[in-house]
Amino acid sequence: MTVIAAEAIGVAHERAEDYAGLSIEELDQRIATAKAKLGERLVILGHHYQRDDVVKHADLSGDSYGLSVDARKTAAEYIVFCGVHFMAESADILGRDDQTVILPDHTAGCSMADMADIEQLEEVWDELDEILGDAEAQVMPITYVNSSAAVKAFVGEHGGACCTSSNAEPIVRWAKNLRPKMLFLPDQHLGRYTAFAKLGIPLDKMLVWNPNLRYGGHTPEAIREAEVLLWAGHCSVHAQFRPAYIKAWREKHPEINVIVHPECTLGVTNEADYVGSTAYIIKTINEAPAGSMWAVGTEINLVNRLQTNNPDKTIVSVSPFACLCSTMYRIDPEELCWVLENLVEGNVVNQIAVPTAIKQKARLALERMLEIAGN
């Protein structure tokens, strides 16, 4: 379990009272002042799904893969991560011992990461041992970075690696070449899309593993025949997109380009013209010709920012409803200002500190990912 400084939880109530009444102009000025005082001792990392009034203060912005690389390379003493819990954990795992990682809101979690806990994973591995004789020799565990530090540690200890939506293809290919089977968790949709669309593994060689059922809900024979075991997890945002939404856009605008994130269901990715990570989505649309129209299947803050940054194009969400990552949205300018001004005063609040034993094993999985992906 990740350790959060106990005093940060109590101080949070004071933060709400002290900062809630400030205008956005006051907050912007105070954040800028705090950043100037901290100088090179500080780096603020901002995920693409953060709201505009937070991400504008980031020194570096990116997707989970890019920010993992940034966290590994930065020389700053303080890493303030405007993202969600598992991202801050990864920054702490990859960072130096003398670096401090801070998450402005310690309740900013990830429902997908919560769908795979370490106790369930250990039970699943025991079942695979029972069925296959030696899970270690037969199954390569691969975890999406959207997972807890404890899950990453388990994967690292058992020879596996992490992946992101940017590098899932080379990681899954690596796993396939080393062991006859792989266990991909916690996002079944990214695993299925990568294995099927990128590596050509037949869908009938994949099983969705329900960790709440014995043997994942399958017979031992079916498990022995399978090549890819997909953990029954998903992203609550990307699961909201539907193939019917894409068809509706095409009926209204036959010229529309559809680009979606691989966390969407296979039905959605099959209907799209382009599929890729947030970094891929941004690059593709930024480089698209003026006058083009795009329907984007990812979190609404990024979709809106793409339209703002590309006024010569028409950019809409695939969904008729706002698909918002509510946990990303928990981080606001008030909390960012609070943690920065505390740092100026020499106080560290909301530190994310992964226990050493977990950190060492989890680093194996993250370092393997970076090595395989070329960073």
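Note: Cβ is positioned from N, Cα and C throughout, glycine not excepted.
According to Swiss-Prot, the residue from Ser23, Ser64 that belongs to the iminosuccinate site alongside His47, Tyr144, Val145, Asn146, Ser165, His261, Pro262, Glu263, Thr278 is Ser64. Long-range Cβ proximity for Cys110 ([4Fe-4S] cluster binding site), meaning a same-chain Cβ under 8 A and a gap of 6 or more residues, is found for Val84, His85, Phe86, Asn146, Thr327. The Cβ of His47 (iminosuccinate binding site) has Val55, Ser61, Gly62, Asp63, Ser64, Leu67, Cys82, Gly83, Val84, Met87, Met328 as same-chain neighbours under 8 Å, each 6 or more residues away in sequence. A separation of roughly 14 Å, to the nearest angstrom, links the Cα atoms of His261 (iminosuccinate binding site) and Cys325 ([4Fe-4S] cluster binding site). A straight line from the CA of Cys235 ([4Fe-4S] cluster binding site) to the CA of Glu263 (iminosuccinate binding site) spans 7 Å.
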